[in-house]
């Protein structure tokens, strides 16, 4: 099986620093692909790609997460193993550098698949996850929280207006195993404790070795109403290609609940797509030694990798 990594950086409107968003997803896709080249699993690669995006403050996840109505950070994440259908999810977590890693730990160490932060022991988190938020995070988040204020924040290239969205990755490894991983900081000024689609299995993401894997982004309440990721997989079960399934599901979400968003998909055979019904969604894919990437509708750039390790 030919390994494939697809990542997204969130669906939304046009960005003033769109090139940085596209660069970030390219780097994340390469990070995941490098893990596969080193013998890692689909789960390892999906986690690595999302960690890379969580560590990039331009995206609404990890260190770039939006603030809620009380100017605090509450993050959601989900990871799904397509081989076993095992999954792990966390909601409204705080003081976690990489919620996607915590999600995987929930999947592997806890009986329950879904956890809110009060249900996880301090020792469990402290020993297995770095809880120390990078010092730059608070300044970036404070700057982004000012309503209708688009002044520059801690990084000179980042503004509230240019913020990208939820991040995710889907991966097929050489053994034919699939994985999906999605992470978000949620919507700006959300209610305390609000949980969106991202950590909901079948909504923010899904993976099944028998069919494919998907990771969604967009308006959480709309995605939950149609269980977008699982809907795409369902259409693929009925014989649609990833591209047809994504288009069909997004059109249904738009007409049924006026929902906007995007999704990345890989089939069990390695066919992939990245689709959205918004103005843009930064995405990148690595397959067969070629890096694919884009953002605007119809945009599809390619470049060969410089070496087989996946690093350009």
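Quick reminder: no glycine exception, Cβ is built from N, Cα and C everywhere.
Automatic prediction, not curation, is the source of TrEMBL annotations.
According to TrEMBL, the active site, nucleophile annotation covers 166. Neighbour list (residue 166 (active site, nucleophile), Cβ cut-off 8 Å, at least 6 residues apart, same chain): 8, 10, 59, 60, 61, 182, 183, 184, 198, 204, 217, 218.
According to TrEMBL, the feature substrate binding site maps to 194, 195, 196, 197, 217, 218, 219, 220. Long-range Cβ neighbours of residue 195 (substrate binding site) (same chain, at least 6 residues apart, Cβ-Cβ under 8 Å): 76, 91, 92.
Ranked by Cβ neighbours within 10 A across all protein chains shown, the binding-site residues 194, 219, 220 are led by 220. Counting other Cβ atoms within 10 Å of each Cβ, the binding-site residues 196, 197, 217, 218 show the lowest value at 196.
Looking at the residues that bind substrate per the record, 194, 195, 196, 197, 217, 218, 219, 220, the two CA atoms farthest apart are separated by 16 Å.
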